[in-house]
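Quick look at what TrEMBL lists:
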TRANSMEM  12-33  transmembrane segment
TRANSMEM  39-56  transmembrane segment
TRANSMEM  68-85  transmembrane segment
DOMAIN    69-355  domain 'Integral membrane protein YccS N-terminal'
TRANSMEM  91-110  transmembrane segment
TRANSMEM  117-137  transmembrane segment
TRANSMEM  149-169  transmembrane segment
TRANSMEM  396-415  transmembrane segment
DOMAIN    413-532  domain 'Integral membrane bound transporter'
TRANSMEM  469-485  transmembrane segment
TRANSMEM  492-510  transmembrane segment
TRANSMEM  516-538  transmembrane segment
């Protein structure tokens with residue numbers, strides 16, 4: 001393959017290449033048709049219709065996409081007709097818009113598809129207002145003319161989206177799975193840093209970095225699962241196309257569990273083997289396997305063969321030799337630590353075997369329960385139950401919907417008060433800036449203001465420099481394309497791009513310079529109202545909800561432990577129930593990391609428990625590691641059922657975690673009377689006979705580690721409750 005072909009192949013394999021090409025075709029075709037029909041005044045509406053249709057777009061198969069497009073177009077037509085009908089009665093109109101916004105926000109409980117359609121419907125309703133204002137639509141005919149442009153753009157992009165899904169059916173799955181392995185590779189490399197044999201290392205800082213990356217891995221796993229469900233259904237029956245992606249997905253889950261495992265405190269390993277190179281070799285092999293996972297992700301993305309590499313295999317052999325040398329030293333004080341390193345090496349060898357299987361495409365799904373959990377409702381009854389659950393102030397969607405509705409009413413009142421000529425931009429700013437929690441709203445607000453100012457300055461300069469019509473059309477096209485590329489991950493740039501596009505397009509039907517100052521004022525006013533709503537109307541302070549997030553972490557950990565220990569009695573089964581318990585635990589840990597990230601952007605008086613939360617996150621990540629080690633090595637151990645101490649320890653840990661979760665959920669402090677008893681049981685568990693089966697030694701060692709961790713977890717939980725605002 002030539003260098004040029006290689007570059008083109010990499011460019012086409014980029015995650016946003018397919019999306020970008022689809023948007024480019026949609027925008028270019030719309031521009032070409034408007035130019036050919038000499039109807040450039042319709043271009044702003046057509047572009048806005050394309051944007052609304054793209055906002056409603058979610059990943060799905062061709063039939064699901066068809067149903068979603070039809071539903072979104074139906075909602076668009078109802079929204080546009082309602083705006084035309086009620087626009088002459090301003091206060092009735094804004095009341096209807098606020099009520100519909102509240103109801104549409106609640107639809108987000110039904111899944112991502114409905115949440116996207118709901119947001120797009122509200123957006124199109126406000127776009128309709130903008131179209132009526134810009135066209136000066138004072139009669140039904142001119143109003144219908146303005147709305148037809150929006151709907152034409154929405155229909156065109158919807159049809160193109162269905163066609164694209166049919167032509168490139170499996171591409172989104174491939175992209176999600178590729179990203180999953182890239183994130184997993186980064187996780188392994190951060191995990192490797194914990195094995196650096198350096199005394200006085202900031203292990204808590206490294207564990208927090210690992211927890212943050214774990215959040216990304218969990219998110220990538222969830223996105224990959226959603227893409228697989230959308231394409232192949234929830235039955236999990238592997239077919240010609242789905243078999244490969246199911247194998248890669250389940251292999252990634254196995255990697256994640258093994259990579260999350262923690263067999264002994266890293267500080268103790270450093271102290272014991274400071275003068276040996278065994279930890280360096282562990283670090284090197286983990287880092288190399290992280291690089292191999294990233295290469296596998298790139299190979300999946302580019303659809304090229306994956307090569308594990310001889311250097312990786314040699315690193316594994318070197319580690320085994322280093323471990324054998326330490327065993328030959330016959331030092332009794334190293335016995336338990338070497339056992340932990342043996343388990344680590346076993347995990348790394350398992351990852352290596354799976355990567356070699358991926359290289360040879362020999363991974364099998366035999367005897368694997370390939371069903372997937374689909375949490376979205378599929379019947380009208382399920383949808384009704386899900387919606388009724390949201391009708392309480394305790395629901396995030398209820399509070400967000402009410403906040404949005406009242407903010408829109410306040411925005412409309414401000415428009416009437418100041419007699420704003422293009423006041424619809426105020427409402428549009430509120431819709432895009434107001435987020436479900438204060439931290440996200442604050443971040444979006446700053447990005448919107450800076451992006452809009454930059455876009456206005458850039459528009460003024462471009463309109464001055466390039467008064468030619470064809471150049472301005474090109475600017476509108478490129479800025480719209482840039483908006484689509486950046487709207488999900490670089491909102492500041494997206495805000496600047498959509499500002500340039502809007503003003504350049506509206507310059508075709510009037511004087512774009514006249515709109516620069518009103519657009520700035522409307523943006524500032526909309527941002528101020530959105531900020532006030534996030535701060536005053538049922539604010540969703542993460543600091544005040546932190547105890548529930550902590551309780552969820554411990555509750556899911558207890559259920560995962562129960563599932564793991566059950567398989568030590570009955571035998572290993574990688575079934576759906578076990579995977580759900582494991583995924584729930586990782587999701588809860590990721591939710592804690594997300595909540596703490598949001599708390600960093602909240603006012604100081606509502607996040608006094610932030611430090612306690614981060615301390616708890618480090619401890620919960622350690623707890624997750626100890627439990628994952630049990631899960632990674634689970635197998636039937638006959639002697640486990642006849643070891644009363646091990647059985648009692650497992651029951652003790654499970655009950656302690658559940659008691660902690662219950663107390664946290666009730667915002668109650670936890671008694672620390674059991675700390676000494678936990679340490680005593682841990683000391684008994686650590687009295688291990690060398691003749692004991694290795695897997696039973698593992699159970700006792702991991703239970704001892706968790707029992708020694710519990711006093712710290714109780715203290716961190718009590719600190720979080722004490723500082724709760």
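Cβ atoms here come from the backbone N, Cα and C positions, even for glycine.
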Let me spell it out: take the transmembrane segment (117-137), skip the flanking residues so only those 6+ beyond its ends count, and list any with a Cβ under 8 Å from a Cβ in it. 44-45, 48-49, 51-53, 55-56, 68, 71-72, 75-76, 79-80, 82-84, 87, 97, 100-101, 104-105, 107-108, 143, 145-147, 149-150, 154, 421-422, 424-425, 427-428, 431-432, 506, 509-510
So which residues does the transmembrane segment (149-169) touch in its own chain, when a touch means Cβ under 8 Å and the partner is 6 or more beyond its ends? 18, 22, 25-26, 29-30, 42, 44-54, 57, 60-62, 65-66, 69, 72-73, 76-77, 80, 124, 127-128, 131, 231, 241
Taking DSSP helix as H, G and I and strand as E and B, the domain 'Integral membrane bound transporter' (413-532) has 99 helix, 0 strand, 21 coil
